[in-house]
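Structure first, then comments.
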Amino acid sequence: MLISESSVFSPGEEGVYSNVAMRGRHADAYSMYKRGTRDYINAYDKEQVRSLNGVSKEIGNPSWKRSFLYILVASLASFLYGYHLGVINETLESISNDLHFNGNTMAEGLVVSICLGGGFLGSTFSGLIVDRVGFRRAFQLCALPMIIGSSMSATAKNLSGMLLGRLFVGTGMGLGPTLATLYVTEVSPAYVRGTYGSFTQIATSLGLMSSLLIGFPAKETEGWWRICFWVSAVPAALLALFMEFSPESPHWLFKEGRAADAEAAFEKLLGGPYVKGAMAELSKSERGGEAETVKLSELLFGHHRKVVFIGSTLFALQQLSGINSVFFFSSTVFKSAGVSSQSANISVGIANFLGSFAALLLMDKLGRKVLLIGSFSGMVVAMGLQAASASSLVSSSNEVYLSVGGMLLFVLAFSVGAGPVPSLLLSEMFPGRIRAKAMSVCLASHWVVNFFVGLLFLRLLEQIGPLVLNTIFATFCLVAVIFVKRNVLETKGKSLQEIEIALLPPE
């Protein structure tokens, strides 16, 4: 619910923040914008920043309710990512039978992984798209291939048609997580940014659970798998529609030299009393109207190379942990352990949701680094249990309990930290000028590794067995614990500008 400006003023502040003053501020901002953003930035000298920060302390934090609905809209992109991640789980057997490639593990792996190849393409160009058209239009461009690809998959008559549809869906999947994370980071008040960042993981888990629940009749009802793909077009259409009424990121507007529009967006997101302080804070690091083209060489070899390396490695380790082998193939793995796929997938979905909800509660209390270390450590233990279940030391009666228990613990531990934290953490650490492109570079490693895990998991499970494969995954989780301890900095409670100044001081 939106709050009125008068409801947050103390008696002594009403004269300062009267409606007349608000109108005057907009007039001044507009005239400054017309003269050029450089003059606008210079208006915020050090004395003004100091006084505005003092006012912010007096009136407290802005209401979280103002930006809440827009966070939910952006999270639809993450919901779609989770849905398409899991939609193939229950339906793969029916699809392979109807399209005549049943028993071909490479073809089944390709149906899973082709959308991840599309995700790589979408992620690679996500930074360029955001910088060119802004977040609102980029979200709508994300929804379009998901609608087209879902329709193509639902009407596929052969393997080629299914692969083409999944490729289209993948491009939208590649755009979605990047856009959602960046948008949430840039429109959220600092004191709830971690909590709001967890919404994307919750949305992903809800999308995953929805795809599993909707897919249950697929094995008994002929052609039901086509319904599963048609359903996904609905949230994609809602995302495109609702984004038309959502505010643009003030950071993007300011970077484009549209300072007056950035003020209007801040007023919509934070409320009138916080606009000047937010603009002053933004002007410390952003140089509106002076945007330069960010080159790939600058990200890989320039001033920001260390943070790009940390981000790329963190996303690669996230996927090398083996998490998506669970989401893609849990039905197959549980079936081999004698557990029904429906019971298994419901359990996986519940574990994922509970962990995501715990992350929402803990992100701004414990911090990003603590959650990452705890999460990866729990995943080491969980993968160890799964590896032990495949060894000759465990009796057949206990094998199922260790295997299923280890997998559920693995999903729970992942969704508490290793799932939601990396994308939020990296979007906080990158300066606004390079944030979108740098995130797209880091996420490229995510999609490349994800593609090969999806493509090769079933074949590796056949060739080297679950004991060796799970031991490899556990080793990568352990490497992640060590890497986070040595390289990741805490960002909890800091503004984006404070993080930039602390982590990347000017050369």
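One-based numbering along the chain as shown.
Positions of Cβ are set from backbone N, Cα and C atoms, glycine also.
Owing to the predicted nature of the structure, the values given are computational and were not obtained by experimental measurement.
Summed and averaged per residue, pLDDT over the domain 'Major facilitator superfamily (MFS) profile' (70-492) gives 85. Residues or ranges marked as domain 'Major facilitator superfamily (MFS) profile' in TrEMBL: 70-492.
Per TrEMBL, the feature transmembrane segment maps to 67-86 (among others).
Annotated transmembrane segment per TrEMBL: 106-130 (among others), in sequence order.
Look at TrEMBL and you will find 162-184 (among others) tagged as transmembrane segment.
Only residues 6 or more beyond the boundaries of the transmembrane segment (196-218), in the same chain, are considered here, and those with a CB under 8 A from a CB of the stretch are 67, 71-72, 74-76, 78-87, 89-91, 93-94, 177, 180-181, 184-185, 188, 224-225, 227-228, 231-232, 327, 342, 345-346, 348-350, 352-353, 355-357, 359-360, 363, 415, 419-420, 423-424. Residues or ranges marked as transmembrane segment by TrEMBL: 196-218 (among others).
Through the fold, the transmembrane segment (224-245) approaches residues 73, 76-77, 79-80, 83-84, 87, 90-91, 94-95, 98, 136, 139-140, 142-144, 146-147, 150-151, 153-155, 165, 169, 172, 211, 214-215, 217-218 of its own chain, all at least 6 residues removed from its boundaries and within a Cβ separation under 8 Å. If you look up TrEMBL, you'll see 224-245 (among others) marked as transmembrane segment.
What TrEMBL records for 342-363 (among others) is transmembrane segment.
Residues 317, 321-322, 359, 362-363, 394, 402-403, 405-407, 409-410, 412-414, 416-419, 421-422, 425, 466-467, 470-471, 473-474, 477-478, 480-481, 484-485, 488 of the same chain sit 6 or more residues outside the transmembrane segment (370-388) yet have a Cβ under 8 Å from a Cβ within it. According to TrEMBL, the feature transmembrane segment maps to 370-388 (among others).
Within its own chain, the transmembrane segment (400-426) has Cβ neighbours under 8 Å at 177-178, 181, 184-185, 193-194, 197-198, 200-201, 204-205, 307, 310-311, 314-315, 318, 321-323, 326, 330, 333-334, 337-339, 344, 347-348, 351-356, 358-359, 362-363, 368, 371-379, 381-386, 388-390, 394, 438-439, 442-443, 480, 488, 491, counting only residues six or more beyond its boundaries. The transmembrane segment annotation in TrEMBL covers 400-426 (among others).
Remote same-chain partners of the transmembrane segment (438-458), defined as residues 6 or more beyond its termini with a Cβ less than 8 Å from a stretch Cβ, comprise 105-106, 108-110, 112-113, 116-117, 119-120, 123-128, 174, 177-178, 181-182, 294, 296, 299-300, 304, 307-308, 311-316, 318-320, 322, 324-325, 328-329, 332, 423, 426-427, 430, 469. The annotation transmembrane segment is assigned in TrEMBL to 438-458 (among others).
According to TrEMBL, the feature transmembrane segment maps to 464-484 (among others). With a cut-off of 8 Å between Cβ atoms, the residues of this chain six or more beyond the transmembrane segment (464-484) that come close are 313-314, 317-318, 320-322, 325, 333, 369, 372-373, 376-377, 379-380, 383-384, 386-387, 389-391, 418, 457.
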Please work out which recorded stretch in 67-86, 162-184, 342-363 has the most C-beta pairs separated by under 8 angstroms from the transmembrane segment (106-130)? 162-184
